[in-house]
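Listed in Swiss-Prot for this protein:
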type    : residues                                                                                                      : note
BINDING : Glu9                                                                                                          : Mg(2+) binding site
BINDING : His15, Asp167, Gly168, Lys169, Ser235, Gly236, Arg237, Phe238, Asp246, Arg252, Lys253, Ala269, Lys273, Lys277 : ATP binding site
BINDING : Glu43                                                                                                         : K(+) binding site
BINDING : Glu56, Gln99, Asp246, Lys277                                                                                  : L-methionine binding site
Amino acid sequence: METFLFTSESVNEGHPDKLCDQISDAVLDACLTQDPDSKVACETCTKTNMVMVFGEITTKADVDYEQIVRKTCREIGFISDDVGLDADHCKVLVNIEQQSPDIAQGVHGHFTKRPEEIGAGDQGHMFGYATDETPELMPLTHVLATKLGAKLTEVRKNGTCPWLRPDGKTQVTIEYRNEGGAMVPERVHTVLISTQHDETVTNDQIAADLKEHVIKPVIPEKYLDENTIFHLNPSGRFVIGGPHGDAGLTGRKIIIDTYGGWGAHGGGAFSGKDPTKVDRSGAYIVRQAAKSIVAAGLARRCLVQVSYAIGVRGALSIFVDSYGTGSIPDKEILEIIKEHFDFRPGMITINLDLKRGGNGRFQKTAAYGHFGRDDPDFTWETVKPLKWEKAQA
């Protein structure tokens, strides 16, 4: 039986790039909560003792950007210089301007266009992917790497492993079998965890705690065997972390945000962008389309691409690839998708309820992945019934 290895990585919420994603989306949440029509393009960068938010925001909301930055950093666990950043004493720089009037008139006509008339906020192409290898219809490598990162944060915050600090990275390699284009996981080949820690803990204690409290609860026993390789803090020391260890920037973890290297990616980041930015809303609708196709049994794997032009209200192109796993031809799957999903940016916003802020909705997406999450705020994860196709299949 021929097999192959595939690897996905993740970083947890204390990684400096992910810190920036969460701040950018916390700003978006604050704007949308007060003004659902806010136009937001918020970037964040960070380095030792400094966080800067910058970009273009047009909103009626009264937003205290500095307070949002400090609160987000504090909630993640950056409460002293020792752990990489002191939320209450770091410098916070703000350079926010309004959206370009040229973009505003082309996209939403300075708020005069009806939803079905709203154009895309930029050009670009986005991909959605789904696979039947997990209940989430997501790649197992990505699911496990992401859950390991989330578990690291959980055992840090609940005191199970008090030596943990906020920054951390995970990576999982799985041995797969290709079953007619579908991906079948056979075993976990390698688990890699590099986590920030305090000065008191030994490498032996780190390895023992990670195996017992992080790996064991996350990775199903059936995938582990005597040949599984574990690299647990292989560099030997990871005390300096967070923005003290590395600079951070919004939008640098786009593969972690999506499918862990599976499928494809158009290159656009998500965080800090309101739904007129098709980098985000377009990627959400094609995930829903791909997931709905796999959930309906029309394919075991599915990739959907959509493309846009700035100011143009409809999609330029839609593409489908079932990797040979379709129960009907790809051209028929494409027609089903066109029949059931509205790719106009204004209608995506309405159908997925993307103007709704509150409940830390978009900040939640900014750590541990935008897809495969069981949360009612992740409206794009709702499988859409494909009634017409069931009569045809």
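Cβ coordinates are placed from backbone N, Cα and C, and glycine is handled just like the others.
Between Gln99 (L-methionine binding site) and Glu9 (Mg(2+) binding site), the C-alpha separation comes to 35 Å. Considering only the binding-site residues Asp246, Lys273, Lys277, the residue listed as 'Mg(2+) binding site' has Asp246 as its nearest partner by CA-CA distance. Only Glu56, from the binding-site residues Glu56, Ser235, Arg237, place their Cα within 10 Å of the Cα belonging to Glu43 (K(+) binding site). Of the listed binding-site residues His15, Arg237, Lys253, Lys273, Lys277, the Cβ environment within 10 Å is emptiest of other Cβ atoms at Arg237. With the fewest other Cβ atoms inside 10 Å of its Cβ, the least crowded of the binding-site residues Glu9, Glu43, Asp246 in this structure is Asp246. For Glu56 (L-methionine binding site), the same-chain residues that are 6 or more apart in sequence and have a Cβ closer than 8 Å to its Cβ are Lys39, Ala41, Ile96, Glu97, Gln98, Gln99, Ser100. Gly168 (ATP binding site) carries a strand DSSP state (E or B).
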